[in-house]
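Asker: Structure provided below as structure tokens; questions to follow.
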Ligand SMILES: NC(=O)C1=CN([C@@H]2O[C@H](COP(=O)(O)OP(=O)(O)OC[C@H]3O[C@@H](n4cnc5c(N)ncnc54)[C@H](OP(=O)(O)O)[C@@H]3O)[C@@H](O)[C@H]2O)C=CC1
Ligand SMILES: CC(=O)[C@@H](O)[C@H](O)COP(=O)(O)O
Ligand SMILES: [Mn+2]
């Protein structure tokens, strides 16, 4: 097995390479942003033939990796021959490489949830054109994939995603004064900053609701969210006969990553195309039986966490709104982390951008136009809040 890993220096990327080390898999190519120290250690260990880095560090990377072909184009790397492309880039920048991989017929283990959130039908089109396949890495969605394996989608009544509830699930009642430091303390997972912050606002779960509907081809009205602070049950499916099937696992992303890589070569070519996979050996231990402790399941609080409803609104409207929501969220989160706006300004800014987003049909052209417009508009609004 030879992997390409995009976003190799981040949280998912480093864990994917950890799985590769454990399983003895090779690495065809790597793509990273600016973290050349981590990338250098990866190049030394895995000896990829090609690496892509951000333009700002391209010259330095060439002198640091004299024996490797260095480029500055993750989409080119994504299309190179590999058994599985793990996409672990964070944000909309991960979309063009996902498209490139699918159009080149690659099997994609997809962590970059933004691709299925903003551009599902374009992703499936790319897979159809090029023969590519997708399996999600996101813990809830690989959980759902496993619950749906061997089932008929026509028998599904509801897909249920669990949410940890983030660091503020039990308070404070007023979130306006919470700090980036508090918001970045995720109670269950150790992840990159953007997804961690989205977990604190519940936007992560909102994006995941859209990701889920896009992957499994069911309407948002059939995708529910439940707060489960222990993060042991990742997903569940309720079937029409009343049976509930759940996926449980350790809070360790190496298991979803390994499963997605095993499943990707026979993965999804269209929504709901779930085939399952042969499983490999343990990479992250297992839950000991009998499962101990107290498990809770409760409703999300729509008043303190308005981002979840905003995501449902964008997902139900479809068209350009998911792209606008994603762009506004990326800008608002960055502004909050750099001290420009408060925590409760995040949903306010996103809502303003959604209110102003025109209806329209999603094409590659309108997607990138809308993304640019929504980012610019969110930045204007952010500057207004800070003024
Ligand atoms: N972390 C987790 O546990 C989970 C993450 N996800 C999803 O997975 C995705 C990745 O998340 P996470 O690993 O946390 O993010 P991180 O912020 O930890 O990592 C992002 C990666 O993207 C790289 N990157 C930035 N710019 C470029 C570029 N131009 N070309 C190539 N790579 C680039 C970064 O490189 P550098 O650091 O070198 O600049 C880094 O390697 C997100 O979509 C997230 O929502 C889903 C479920 C769980
Ligand atoms: C590990 C993973 O898949 C994350 O997306 C996780 O779901 C974040 O935790 P929340 O449940 O708090 O959003
Ligand atoms: Mn998740």
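Any Cβ shown, glycine's included, is placed from N, Cα and C.
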Asker: Need a hand: TrEMBL gives 138, 140 for Mn(2+), which of 56, 60, 76, 208 is also on that list?
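Answerer: Between 56, 60, 76, 208, TrEMBL records just one in the Mn(2+) site with 138, 140, namely 208.
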Asker: For the domain '1-deoxy-D-xylulose 5-phosphate reductoisomerase N-terminal' (3-119), report the average pLDDT of the model, please.
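Answerer: Average per-residue pLDDT within the domain '1-deoxy-D-xylulose 5-phosphate reductoisomerase N-terminal' (3-119): 98.
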Asker: Please report the Cα separation of residue 33 (NADPH binding site) and residue 138 (Mn(2+) binding site) in Å, rounded to an integer.
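Answerer: Pair distance, Cα basis, whole Å: 21 Å.
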Asker: Cα distance, residue 208 (1-deoxy-D-xylulose 5-phosphate binding site) to residue 35 (NADPH binding site), nearest Å?
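Answerer: Roughly 28 Å, rounded to the nearest whole number.
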Asker: What number of additional C-beta atoms lies within 10 angstroms of the C-beta atom of residue 186 (1-deoxy-D-xylulose 5-phosphate binding site)?
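Answerer: The Cβ of residue 186 (1-deoxy-D-xylulose 5-phosphate binding site) has 19 Cβ neighbours within 10 Å.
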Asker: What is the interatomic distance between the Cα atoms of residue 208 (1-deoxy-D-xylulose 5-phosphate binding site) and residue 138 (Mn(2+) binding site), given in whole Å?
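Answerer: Distance between the two Cα atoms comes out at 8 Å.
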Asker: Quick one: which of the binding-site residues (11, 33, 192, 204) have their CB closer than 6 Å to ligand 2?
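Answerer: 204, in sequence order.
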